[in-house]
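Per TrEMBL, the features are as follows:
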ACT_SITE  A:T181  active site, nucleophile
BINDING   A:T148, A:K170, A:T181, A:E261, A:N380, A:S385  substrate binding site
Number of protein chains: 2
Amino acid sequence: MSVTAPQGFEAAGVAAGLKSTGKADVAVVVNRGPRKVGTAVFTSNRAKANPIIWSQQVVADRTVEAVVLNSGGANCFTGAFGFQTSHLTAEKAAELLGVSAGDVVVCSTGLIGSGDEVFRGKVLAGVEAGIAELSAEGGQAAAEAIMTTDTVAKTVVVRRDGWTIGGMAKGAGMLAPGLATMLVVLTTDADLDAVDADAALRRATGVTFDRLDSDGCMSTNDQVTLLANGASGIRPDLDEFAAALTEAADDLAKKLQGDAEGASHDITIVVQGAASEQDAVEVGRSVARNNLFKAAIFGNDPNWGRVLAAIGTTRAAFDPYDTDVFMNGVRVCTAGGPDRPREEVDLTPRATELVIDLKHGDATATIRTNDLTHDYVHENSAYSS
Amino acid sequence: MSVTAPQGFEAAGVAAGLKSTGKADVAVVVNRGPRKVGTAVFTSNRAKANPIIWSQQVVADRTVEAVVLNSGGANCFTGAFGFQTSHLTAEKAAELLGVSAGDVVVCSTGLIGSGDEVFRGKVLAGVEAGIAELSAEGGQAAAEAIMTTDTVAKTVVVRRDGWTIGGMAKGAGMLAPGLATMLVVLTTDADLDAVDADAALRRATGVTFDRLDSDGCMSTNDQVTLLANGASGIRPDLDEFAAALTEAADDLAKKLQGDAEGASHDITIVVQGAASEQDAVEVGRSVARNNLFKAAIFGNDPNWGRVLAAIGTTRAAFDPYDTDVFMNGVRVCTAGGPDRPREEVDLTPRATELVIDLKHGDATATIRTNDLTHDYVHENSAYSS
């Protein structure tokens with residue numbers, strides 16, 4: 001059910017010819033109210049796609065009526081023509097829905113530099129077809145329409161007493177922190193004001209999507225949008241709602257990690273004993289971006305030396321001679337030297353846990369990443385995105 | 001001739017059994033004077049190997065008599081025992097040479113975490129054998145003894161009027177800026193005082209080894225040492241010497257790039273039109289570390305979108321809608337959109353030039369990197385270093 005699990009949302013996914021495979025490539029998600037609260041977080045990449053520039057204006061007033069998403073073209077670095085395409089997309093949807101274009105978020109994903117006249121025509125036709133098919137059962141179709149190199153549609157539903165959160169996500173490459181790192185739409189029928197919706201979204205993304213760093217490459221098009229309509233009539237407090245939203249976002253982040261391009265291991269890096277959460281995140285990201293460590297995990301090699309070498313490039317409080325490293329539960333490094341024999345570490349399962357104990361405090365953070373594989377190189381050299 | 005090309009230097013390379021292949025693995029370079037000026041730059045990784053900790057003390061007084069280098073074991077994270085090994089290595093060499101142990105630099109390279117009793121015994125025996133074989137023709141043998149995954153020995157000779165610089169380098173992986181990025185010994189018979197030698201070394205490494213970023217991974221063992229003995233009796237001025245030393249270092253840096261593990265392209269990233277040199281370096285490094293861009297080059301794909309996406313993650317002054325990108329001479333992106341057709345770019349040669357014009361000033365910088373290939377993943381998942 002994804003985004004249509006909460007009351008008062010409709011969605012659709014249609015094939016508009018943007019994908020050469022003929023699969024669905026335009027999705028529409030509409031909030032039927034009563035409230036039209038909407039907010040979003042965007043990629044912090046300074047090279048932003050046209051739909052990002054458009055949508056940042058849309059959410060400024062925290063009111064969103066609908067989200068239009070397309071795969072099959074990023075509409076990034078397509079000049080003034082491309083920005084006009086995003087604008088026209090919103091206007092088309094607004095006209096058909098009887099709302100203001102300034103309340104329609106637009107998201108695009110696909111090849112950077114593509115977005116010509118033909119692209120525009122297909123997107124606008126897709127918006128029309130999508131809106132004609134809107135239904136309260138359309139969540140799954142919408143989730144499928146935003147897939148690119150994803151192998152599975154990614155959806156989530158989190159239910160609480162009387163209210164619900166639904167969500168969908170796409171993303172398989174260019175996954176790195178910097179606010180959002182993919183296209184995500186989250187919906188809820190909880191009754192939230194704009195301030196709480198925005199606070200909850202930032203709390204949730206800060207510890208989930210922001211800490212997924214599959215390949216260290218930050219996208220130009222990423223956006224996580226939250227729509228809240230109050231249709232349940234129930235008003236959870238901020239902490240309660242933020243916890244549920246974090247659960248939904250965490251579930252989608254795990255699904256993105258599990259479907260990352262070419263990956264053969266999902267690596268959870270837990271940094272503990274840090275002097276600050278910032279230190280823990282910096283250490284986790286540094287290890288997550290170390291190609292030598294990532295290649296070692298691909299080869300089922302518990303190479304703790306590469307972990308310490310990666311930590312050494314950070315500014316975090318740590319003593320290389322008093323840091324513990326555990327791989328899948330086995331302490332392979334302690335006191336600046338080898339500990340248990342490497343043969344004890346079984347790295348054959350896809351789920352891989354690396355625990356780093358910095359022994360400098362009580363702060364902790366978890367970063368999710370993937371290994372560096374032949375398939376990653378292959379997909380990203382052959383697939384032009 | 002490498003390090004023995006200048007007058008007054010002797011070297012040797014011997015097989016001490018550290019490499020399972022039986023190839024040479026211990027090198028000794030000795031300065032026969034008259035002056036014994038020596039200085040070095042070290043990895044800025046905070047996780048430092050024992051020989052780095054030792055050698056930092058040695059060069060503090062800018063006097064160096066000899067350099068002992070071994071491949072086949074990094075002696076990194078081998079605890080107090082490992083530090084003692086570096087110390088004993090220097091003492092052994094000092095005793096045989098009749099100099100102070102405090103003037104003997106030690107360098108090691110190989111697997112992190114390896115450096116036990118057996119390793120120590122072999123290194124010490126290798127020092128003895130190496131010193132017995134010292135000769136003014138030993139430069140090539142020394143260069144071969146420091147090879148790890150290198151496929152060729154890397155040496156350089158730069159001659160000026162009456163004085164000479166010689167050098168040798170090893171390095172094929174874990175190449176990233178942070179002062180030195182490999183083991184390098186540079187020698188000269190020019191007459192330099194310690195202050196000029198140190199200034200020239202920092203100038204030269206700052207624009208050569210510091211700007212080689214093959215895989216973004218910073219080593220724990222890297223060190224570039226310069227020895228100067230004044231045997232030529234000629235005293236060049238600082239600018240003249242620094243220029244010649246930069247030429248030698250640049251030649252070795254190019255050779256390291258050309259032999260990087262698994263690489264199929266040597267990518268020269270020229271950033272021009274930057275507001276500052278710092279901006280130019282930051283942009284160049286960001287692109288050099290972008291796995292998606294590097295995988296695209298492996299696939300001969302002139303993917304300029306990934307270049308702009310990488311620039312967007314920096315703090316450099318730039319306008320994504322007014323940045324030019326050239327690949328092998330073809331402008332593929334201008335004014336925030338595609339320019340010449342991608343078919344015009346021939347990426348089949350190993351030498352690849354990416355020019356980024358930020359159009360924000362006159363500063364420029366060149367960063368050297370490599371592509372991300374199947375062979376890189378293979379070598380670094382199978383080879384445990």
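Even glycines carry a Cβ here, placed using N, Cα and C.
Shown here: features listed in TrEMBL, placed on the structure.
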residue: A:T148; record: substrate binding site; DSSP class: coil
residue: A:K170; record: substrate binding site; DSSP class: strand
residue: A:E261; record: substrate binding site; DSSP class: coil
residue: A:N380; record: substrate binding site; DSSP class: helix
When the binding-site residues A:T148, A:K170, A:E261, A:N380 are compared by other Cβ atoms within 10 Å, fewest goes to A:T148
Chain B, Cβ under 8 Å: which of the binding-site residues A:T148, A:K170, A:E261 qualify: none
